[in-house]
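Read the structure below first, then the notes.
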């Protein structure tokens, strides 16, 4: 543990789901850091599981994961010291959209960001860690164009909150249909669904499934991807929140949907990858490793 006095707190840079984030300066090294302050319940203190999970994060060292340098534990707060990143994917896309109604990113950039996202996710899954809350706000970007997963492990350490003490609304837009229908079998496939939603959003410049509650979220998903049935998703009807009165929908043409929202001509490979990430049945979704070996990433795989 380092002394809090080693860091100088600079301007506030945001409210996260769990914490307030400040830009900070390591007075010893002169390096900028992000100081994430988690207020602790004075009666309950810090859950030991949270400390354990956060300690695990310190061991996650990968180019596409934001480094957690240290944890400072004082009586009423926990300060997590992260590497400082200049931007996040949501702000990056919003800035590109200024003056435009909706405009996706250039496909070369989409591919570069998606490759980095999947690299980070694959590394975490290999280490048996789920993110559970992947969304553009949690994908941090530095001025060299490196994309890194942020808030890794925090969703597990503190639970995904239903309501938060910050102005940020916990979004359902990237949440997998199995989770929305009450599945308790959280596994790596929930992060893969989120990766698919993020890929579509980078292409279109707007969220693929912008629902405002669980029910509407599922409706939007099934309207586009088709209504699940036992043949394509065994035991879907056993899920706690499965609705037997769901109107049957056939899957829509995903390529057409994306193409209508982008000026670039999409190749079939990116659409095929998206189908692999957005399988309704979690067991049918690609793994992060398989996704990285997809033909859409051929140029990256040949370069390595």
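Keep in mind that glycine also has a Cβ here, set from the backbone N, Cα and C atoms.
Listed in Swiss-Prot:
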type	residues	note
ACT_SITE	133	active site, proton acceptor
BINDING	13, 14, 15, 16, 17, 18, 19, 20, 21, 36	ATP binding site
DOMAIN	7-297	domain 'Protein kinase'
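Packing around residue 133 (active site, proton acceptor) is summarised by its Cβ count: 22 other Cβ atoms lie within 10 angstroms of its Cβ, all protein chains included. When other Cβ atoms within 10 Å of the Cβ of residue 15 (ATP binding site) are tallied across all protein chains shown, the result is 14. Residue 15 (ATP binding site) sits 16 Å from residue 133 (active site, proton acceptor), taking the CA atoms of both as reference points.
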